[in-house]
Amino acid sequence: GCGGNGLVLSATDSRACRKVAVKKIVLSDARSMKHALREIKIIRRLDHDNIVKVYEVLGPKGSDLQGELFKFSVAYIVQEYMETDLACLLEQGTLTEEHAKLFMYQLLRGLKYIHSANVLHRDLKPANIFISTEDLVLKIGDFGLARIADQHYSHKGYLSEGLVTKWYRSPRLLLSPNNYTKAIDMWAAGCILAEMLTGKMLFAGAHELEQMQLILDTIPVVREEDKEELLRVMPSFVSSTWEVKRPLRKLLPDVNREAIDFLEKILTFSPMDR
């Protein structure tokens with residue numbers, strides 16, 4: 001298959017007697033090199049039950065990858081083999097409430113771990129969430145867009161336009177791509193829970209403006225600073241009363257009250273309330 005930024009193959013590690021996934025990353029230009037360096041730096045730090053385990057990172061012909069990548073044209077990330085991903089599972093139909101609850105719990109465990117390590121995933125979506133069908137273990141993978149959320153880490157803080165799947169983007173990310181926190185991953189997790197419970201994407205806009213309109217139709221804007229910003233940048237998108245047309249309870253009539261209560265807490269317009 002193909003991951004977010006490379007070809008993924010299954011293989012057998014004959015020394016360890018285990019099946020592995022090998023992610024090939026072609027380092028053809030400065031941008032792909034930057035993404036690869038970022039992913040390798042991050043994944044080497046992570047070790048958790050709900051994160052795809054990386055065993056080693058190799059250069060061409062299995063050579064050890066020492067130091068910088070700049071002398072190589074390709075790198076191979078050897079990682080834990082996972083049978084399927086959440087996107088494939090959802091294509092087969094809606095999950096049971098019990099399965100959705102189990103997977104959401106594990107997703108939040110994984111997020112708590114990476115966030116405590118000061119890492120934002122930034123591209124959470126069903127295709128980046130892997131499932132072992134044998135024991136129903138969920139693991140977060142594909143850290144190609146992840147960012148270290150540390151003020152001492154040298155980065156400009158900008159999300160490259162078009163990289164993050166827009167259906168899982170938080171309203172803050174749509175309004176200002178250069179201003180984000182760990183709350184963007186929580187928004188994506190909420191969208192994924194709704195999708196697990198209904199089998200349909202929660203907000204599936206054709207473009208960024210429609211995406212924001214769908215969000216504003218359902219998610220109330222509470223904070224005055226958010227209202228002021230929306231009136232300034234997209235006045236035609238908001239109602240004069242600030243009432244939503246289709247609150248979550250109406251949009252998701254078949255989802256139980258407990259899940260709706262949780263979604264209302266995680267899918268807030270302001271990241272500070274999440």
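A Cβ is built for glycine as well, from the same backbone N, Cα and C atoms used for every other residue.
Swiss-Prot marks one residue of Ser10, Ser14, Ser154, Ser160 as phosphoserine, namely Ser160.
The secondary structure of Asp123 (active site, proton acceptor), as reduced to three states from DSSP, is coil rather than helix or strand.
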